[in-house]
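Engineer: Just lifted these from TrEMBL, have a look:
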DOMAIN    B:144-169  domain '4Fe-4S ferredoxin-type'
DOMAIN    B:172-199  domain '4Fe-4S ferredoxin-type'
Number of protein chains: 2
Amino acid sequence: MGTKEYLQMMREIKDCTFATLDGEGRPATRIIDVMRVEEDGLYFLTARGKDFYSQLMEQQFVSVTGLTKNWEMLTLRGRVKRVSQELLTRIFETNPSMNGVYPGDSRNILEVFCLYEGQGEYFNLSETPVYRETFFLGHPAEHKKGYEITDACISCGICAGLCPQQCIDAGEPYAIRQENCLHCGLCVENCPAEAIRRR
Amino acid sequence: MGTKEYLQMMREIKDCTFATLDGEGRPATRIIDVMRVEEDGLYFLTARGKDFYSQLMEQQFVSVTGLTKNWEMLTLRGRVKRVSQELLTRIFETNPSMNGVYPGDSRNILEVFCLYEGQGEYFNLSETPVYRETFFLGHPAEHKKGYEITDACISCGICAGLCPQQCIDAGEPYAIRQENCLHCGLCVENCPAEAIRRR
């Protein structure tokens with residue numbers, strides 16, 4: 001699937017958890033509705049009096065995670081900016097429950113934000129083997145996760161035998177199927193040749 | 001409700017979002033199962049090869065958020081520690097789907113963590129007015145959020161008229177019903193006497 005489809009899944013989840021840093025540099029989380037998605041990003045609201053608002057303005061970065069009804073996890077991390085409030089009317093039209101929370105003119109205490117550049121991950125833990133895929137919004141610097149097997153591999157096969165997801169293929173060197181990897185590290189801990197490193 | 005009941009609600013939600021900081025000090029989020037709750041805390045697992053594991057060991061702090069089926073939000077932030085792996089067998093017994101992800105002995109790559117001290121918040125946005133409550137696990141330093149009206153209040157009533165949740169009561173000074181407050185800041189922006197401050 002592509003970025004557009006993954007963003008659409010986050011809109012369908014709607015209630016996602018958004019993380020920023022608090023005044024002491026510690027993570028802070030809360031549920032925020034994904035109000036709208038466009039090709040250029042994911043839109044959400046917050047009120048100017050909230051800690052979340054100040055943190056977004058200061059940090060311009062957020063990490064967002066949600067779960068579909070089929071237990072598929074979606075995470076998107078990246079840069080945010082405040083955008084024109086013109087979108088507010090349209091957002092209230094397509095998310096009518098907001099009128100109960102911010103009736104009448106009180107909606108004007110809200111500001112619209114857009115997560116416009118970042119890296120995402122789709123992770124399905126209920127498939128066998130598990131399945132993950134990375135996606136990109138805008139043009140962020142890519143950040144690889146997980147492990148890879150280097151040429152120091154002696155093809156002993158210990159890693160492949162231990163792997164809980166059986167996602168290591170024999171070869172010279174052996175190779176991890178990245179899309180099925182848990183990143184659990186069991187192969188790394190047990191490789192006698194220390195041939196497995198972080199990507 | 002008390003802490004015990006709120007922790008139990010988080011166990012029932014089970015799939016919560018856990019936030020730590022990445023290597024660049026930015027928030028990172030992922031879904032983690034709440035595997036067990038006891039009076040002394042909330043228990044979860046992760047594998048030694050994961051970034052999440054290193055971040056927990058280094059930061060010893062996590063922010064956790066989940067949503068019930070009735071759209072009640074629960075957040076718990078606080079200190080975590082790695083605990084004895086003896087609990088692993090019991091956790092696998094009560095969470096049998098874990099056997100599909102980490103079959104056989106591969107479970108030994110997992111470590112058990114406990115969030116044992118922190119401050120939580122219950123927030124129900126679907127009630128009218130909204131309802132929130134703070135709860136405590138262990139003996140954390142209390143961190144108050146939101147706003148309060150000081151003696152500089154001139155009892156003009158502007159704030160009470162504007163409040164989207166109608167949760168400001170007349171008086172000298174006027175007073176915010178904290179359990180119904182959105183923390184939106186509309187009262188603060190419009191007080192002619194600058195009588196409203198962060199708690």
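Each residue's number is its place along the chain shown, starting with 1.
Yeah, the Cβs are placed from backbone N, Cα and C, and that goes for glycine too.
It should be emphasised that the depicted structure is a prediction, and the values quoted were computed from it without experimental measurement.
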Engineer: Same-chain Cβ contacts of the domain '4Fe-4S ferredoxin-type' (B:144-169) under 8 Å, 6 or more residues past its ends?
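Structural biologist: For the domain '4Fe-4S ferredoxin-type' (B:144-169), the sequence-distant neighbours (Cβ-Cβ under 8 Å, at least 6 residues beyond its ends) are 121, 129-130, 175-178, 180-188, 190-199.
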Engineer: Please average pLDDT over the domain '4Fe-4S ferredoxin-type' (B:172-199) for the predicted structure.
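Structural biologist: Residues in the domain '4Fe-4S ferredoxin-type' (B:172-199) carry a mean pLDDT of 97 in this prediction.
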